[in-house]
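K.L.:
Straight out of TrEMBL:
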{"type": "ACT_SITE", "residues": "D13", "note": "active site, proton acceptor"}
{"type": "ACT_SITE", "residues": "H41", "note": "active site, proton donor"}
{"type": "ACT_SITE", "residues": "K144", "note": "active site"}
{"type": "BINDING", "residues": "12-18, 40-42, R309, 335-337, 417-419", "note": "GTP binding site"}
{"type": "BINDING", "residues": "D13, G40", "note": "Mg(2+) binding site"}
{"type": "BINDING", "residues": "D13, E14, G15, K16, N38, A39, G40, H41, T133, R147, Q228, T243, R307", "note": "IMP binding site"}
{"type": "BINDING", "residues": "T303, T304, T305, G306, R307, P308, R309", "note": "substrate binding site"}
Amino acid sequence: MPAIVLVGAQWGDEGKGKATDLMGGDVDYVVKFNGGNNAGHTVVIEGEDGTREKYALHLLPSGILTPTVTPVIGNGVVVDLEVLFEELDGLQARGVDTSRLVVSANAHVIAPYNRTLDKVTERFLGARRIGTTGRGIGPTYADKMNRVGIRIQDLFDEGILRQKVEAALALKNQVLVKIYNTRAAEADRVVDELLGYAERLRPMVADTSLVLEQALDAGANVLLEAGQATLLDVDHGTYPFVTSSSATAGGACTGSGIPPTRVSRVIAILKAYTTRVGEGPFPTELFDDDGETLRSVGAEYGTTTGRPRRCGWMDTVIGRYANRVNGVTDFVITKLDVLTGFEKVPVCVAYEVDGVRHDEMPVNQTDFHHARPVYEQLDGWSEDISGCRTFDELPAAAQSYVLRVEELIGARVSAIGVGPGRHEIIQRHPLLD
Ligand code: GDP
Ligand code: IMO
Ligand code: MG
């Protein structure tokens, strides 16, 4: 059976977690292929009695909430072991069965000194900071590329682990002490801390590429779930205001060991408006009451850091770009309900940069920083849409909004989110073959 990739189309927090959870019943494996605990996925599950259970997942794939799914942490992920076990314990305490989790032997470990380096580097950058989540993500991927990283499998060979930690610290401690004027990390303490997780981790560790290939051969459905999103991708995003991993569809292959020829669908999650956390350019950002309304109605506060998210209107130049770099087969528009109550809903269709119209993302980042949105004003609607379960039930203006966005982004909209709950969604086309 084929593999399916699910990515974020904008700057993250589009509702990937909810979409993955929604598909959980129909897939056998959910693989996280990039990022680490910088991600924050909120999944809301409605009980039969009307109660709502909210889960915030950071490191574990969102599929973990479905009892029949095998969750996989792929080789492209960076793992903070303390967070991994905290999250597992937290879910177990709430009755979630986490025993099927499989972790790649090749995934990299976020060493404690990389958490420190992330924070002090940001402080050092001052006004030029990226606004990272401070979880050690960037320095850990830098170590991976620099070939001084620690991998999960190193925890099972104390001699190798010690050598690697000492080699990494030979340079890092100079930087920590001499440049950042902070304390050096002690190799022994780091090694002991990491070894402390080894025995609990051991039964979960596998060659996940092999596990997944065998699963696909046996007819399983595999969902590859991105953390972050297209414009936070280290290659295709708004560099340097990006995360340090490959969050686009191509990253699903390198980050899992599943070849591109196995992937049959790419689903992109697109919020009905735009948000961004951290620094960096954002053409449709709002600084007025409308922005404040989107933030408060959409509850746009970070799942990971609690920071207020920057909010703005839908940007279909970004939607088209996400379609292009990910090869999207299906879009899921989320949070359409948040737009209820606006008289007019502007949609950005192009940019203007120094008097020149751009229908596609400008080649140069400087132009993107200066881009002024060209808006089309669509009619709003005032009816509560959270109870709608078919496209026809939506008010005419909401239908027109979806259809116009679909036309502008160039791929079909297969589902529409109308509320945070698991069932608050309109399905137009099946997301699985
Ligand atoms: P992710 O990082 O892409 O998984 O997204 P987050 O979980 O960080 O942020 C999305 C937020 O929107 C979560 O709080 C979800 O519960 C919520 N959400 C998802 N879909 C919808 C929707 O259709 N309507 C509303 N109102 N909320 C939604
Ligand atoms: P999910 O998976 C939104 C942002 C940070 C910062 C930049 C770099 O929930 O969509 P990092 O700590 O990764 O080095 O920070 O990326 N960022 C996210 N923004 N959603 C996320 O994940 C993010 N993960 C990282 O705010 O601007
Ligand atoms: Mg999030």
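The backbone N, Cα and C atoms fix where each Cβ goes, glycine too.
Automated prediction, rather than curation, is the source of TrEMBL annotations.
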K.L.:
What is the interatomic distance between the Cα atoms of G306 (substrate binding site) and G15 (GTP binding site), given in whole Å?
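P.N.:
Their Cα atoms are separated by 16 Å.
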K.L.:
Select the most exposed residue of G12, G15, G40, G306, P308, where exposure means the fewest other Cβ atoms within 10 Å, treating these as the binding-site residues.
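P.N.:
Relative to the other binding-site residues in G12, G15, G40, G306, P308, G306 has the fewest Cβ atoms within 10 Å.
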K.L.:
Residues with Cβ closer than 8 Å to the Cβ of R309 (substrate binding site), same chain and 6+ apart in sequence?
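P.N.:
R309 (substrate binding site) has long-range Cβ partners D13, T275, R276, V277, R295, E300, Y301, G302.
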K.L.:
Could you measure between K18 (GTP binding site) and G40 (Mg(2+) binding site) for me? Cα positions, answer in whole angstrom.
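P.N.:
Rounded to a whole number, the Cα-Cα distance is 11 Å.
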K.L.:
Fill in the CA-CA distance, P308 (substrate binding site) to H41 (active site, proton donor), as an integer in Å.
P.N.:
16
K.L.:
C-alpha of V418 (GTP binding site) to C-alpha of T305 (substrate binding site): distance in Å?
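P.N.:
That separation, Cα to Cα, works out to 25 Å.
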K.L.:
Per residue, counting other C-beta atoms within 10 angstroms of the C-beta, which of the binding-site residues N38, T133, T303 reaches the highest number?
P.N.:
N38
K.L.:
Report the binding-site residues (G15, G306, R307) that meet this criterion: Cβ distance to the nearest atom of ligand 1 under 6 Å. Use sequence order and write none if nothing qualifies.
P.N.:
G15
K.L.:
Starting from N38 (IMP binding site), work out which of the recorded positions listed here (G15, K144, T304, T305, L336) have their Cα within 10 Å, and give them in sequence order.
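P.N.:
Correct set: T304, T305.
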K.L.:
Taking the residues D13, E14, G15, K16, N38, A39, G40, H41, T133, R147, Q228, T243, R307 listed for IMP, what is the greatest CA to CA distance in Å, to the nearest whole number?
P.N.:
34
K.L.:
Out of G12, G15, T303, T304, which of these binding-site residues is nearest Q228 (IMP binding site) by C-alpha distance?
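P.N.:
Among G12, G15, T303, T304, G12.
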